[in-house]
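A.B. asks: Mind looking over this structure? Questions follow.
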Amino acid sequence: CCNNSQNNWLWESRKFDPNFKGPIHNRGCTDILCCILFILALLGYFAVGIIAWSQGDPRKVIYPTDSRGQFCGQAGTPLEKKPLLFYFNILKCASPLVLLEFQCPTTQLCVESCPNRHLTLIKAKVGNKDDQEYYKKYCKEGVDFTGLSPPEILKEGLCPAMLMPSKAFTRRCLPALATLKGGVVVVGNETTFDDGNSGTVNASDVLEASKKSNIAVEARQVAMRIFEDYTHSWHWILLGLVIAMVVSLIFIVLLRFLAGIMVWIMIILVILVIGYGIFHCYMEFASLKGEPGADVTIRDLGLQTDFSVYLQIRQTWLAFMIILAIVEFIIILLLIFLRKRIMIAIALIKEASRAVGHVMSSLFYPLLTFALLAVVIAYWAITAVFLSTSNEQVYKVFNTSVCPFSRETCNPKTFNSSNASLVCPDAECLFAFYGGETLYHKYLILFQFYNVFLFFWCANFVTALGQVTLSGAFASYYWAFKKPEDIPAYPIFSSLGRALRYHTGSLAFGSLILSLVQVIRVLLEYLDHKLKGAQNKFAKFLLSCLKCCFWCLEKCIKFLNRNAYIMIAIYGKNFCTAARDAFFLLMRNIIRVAVLDKVTDFLLFLGKLLIVGIVGIFSFFFFSGRIKAVEQAAPSLNYYWVPILTVVVGSYLIAHGFFSVYAMCVDTLFLCFCE
């Protein structure tokens, strides 16, 4: 009987209290243990940051490192004017991927410029003075180039056996590979060249040694072009984001006074904007008919670093047109079937507009959330860089003949007097990579994991703080009997103060649960990446199921947390009690929640889509140079989609920031209504 009465109580509606006037002011601290745990975790996070900043050195990422562990091109050092890394024998490297990881088993030297012609050591020795001076630039300092014979120079590893035409790439001199018509591979217009040891090397051999890294090299080339595009267009991108912010603000203000009309205008404009997209794709598709190469398929084209090539084939525009048509069809279908619910949702948005009108400061609160999230992201990124560069220089024994000490760790200061030097006269102690065997380096992976986990926890805490603050302010509007007399003077500041003073522990508790699920999802993605080459079908299936389950779990926790935070803002209870109350309240009104709340979210999503569409279309015409009036002002870019995509993503985030206030207002008013 007791159990039945308890269950009935959970499903009963709350009794009417005529004296209840909004968020309770006389409340106590909740989830104190979790608050203490969060503070200790933050102190630990700061400690990890301090250790990383004291041990790390970002120069290891910025500058390439020669065989003696010195940074090429670092300001204030003797190598300041030698920014490029040169490899004595690049053919010894398995692939350029090894080069980019500083693990090539050959002498590495900082130089001013890369070799631009083929020259062997023997030809340089018997050549004129200019050839000798040119060759000496790629030898170790202090070498007696004229006094020593070529065999002696090569035995001591003082100079490379040959130079080949190279180009600077990621501050490293890599072979200047090219392909002529017919597939003939050349290095500096030569198909074969002398290797300096009475032999010849085919250009195709160099290509074979490099081909494994072609994707990585091309990806880096794309990254460099994208970076160059950003340097040319950043001010126009900022202008586009400012326009998106102004459009969002105007839309919100109009929604305040003309909610019903604006919602219908928004729906019609979204349909028209997507319809125009379909029309534009069809016109591009039709204009390419009969053009040479336009009928090539995307699969035949393969991966291209110049993405504008894809816009020259008909299949690309056909794919865009089909995708937009499907989106248009789904939206129209939803509008037809949900037309009655849309009318009720519009009424809810009207009420939300009144609430936002009385709490106008809520529109600017997302700026604080953005600022706090920017701090969290910046701290995580900087700490991650310093942790990843806090390894020490590791030197290995490199040799040309058989040596029992090959690839063993060595000390360059004592190597010449060591046993390895006596047993292997041709061996050298060269810088290999960054690592370490100390206690700190053994637990470095744990520090990285802690950095990722605290990033999720802090980011979720900032989001939770914003949700509690806004819900507290809008709840004070809903429960005010006389509006605006009963609404607090500064509802946002009052709500923020209550959240920080009383409910830091509850926010940390909810954020912790969500962060644990997110970290598990990250680990599953990591495992999936590692198992891509595996043949075990059952393992792949199990991993896919786990990823799907944890994705669903994360969505459920986010939804429950959001409503729990609203209950915390109103009643000041701890997280578990608030989550339980919110859950049973939603269960008692499951039909309203499933339909009305989601329809409102759908309408607000259409608003974001409209703003992104308007700004995206204008940025497309501007950056692609299709507006004749401002054609000269448009920057010259490698990929005009780079600033367009940046503006589109940025516009969505800005619109989401403004509309998230409306979404939180709708959810708060809806939950208060259910109460």
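Glycine is treated like the rest: Cβ placed from N, Cα and C.
The feature transmembrane segment is assigned by TrEMBL to 32-53, 234-254, 261-279, 317-338, 359-382, 454-481, 602-625, 637-659.
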A.B. asks: Return yes if the transmembrane segment (261-279) and the transmembrane segment (602-625) have at least 3 CB pairs under 8 Å (sequence gap of 6 or more), otherwise no.
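C.D. replies: Judged by the Cβ rule, the two regions touch, with the required three close pairs present.
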A.B. asks: Would you kindly check 32-53, 234-254, 317-338, 602-625, 637-659 and say which stretch has the most C-beta pairs under 8 angstroms to the transmembrane segment (359-382)?
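C.D. replies: By Cβ pairs under 8 Å, 637-659 leads among 32-53, 234-254, 317-338, 602-625, 637-659.
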A.B. asks: Please work out which recorded stretch in 234-254, 317-338, 454-481 has the most C-beta pairs separated by under 8 angstroms from the transmembrane segment (602-625)?
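C.D. replies: When the Cβ pairs under 8 Å are tallied, 234-254 comes out ahead.
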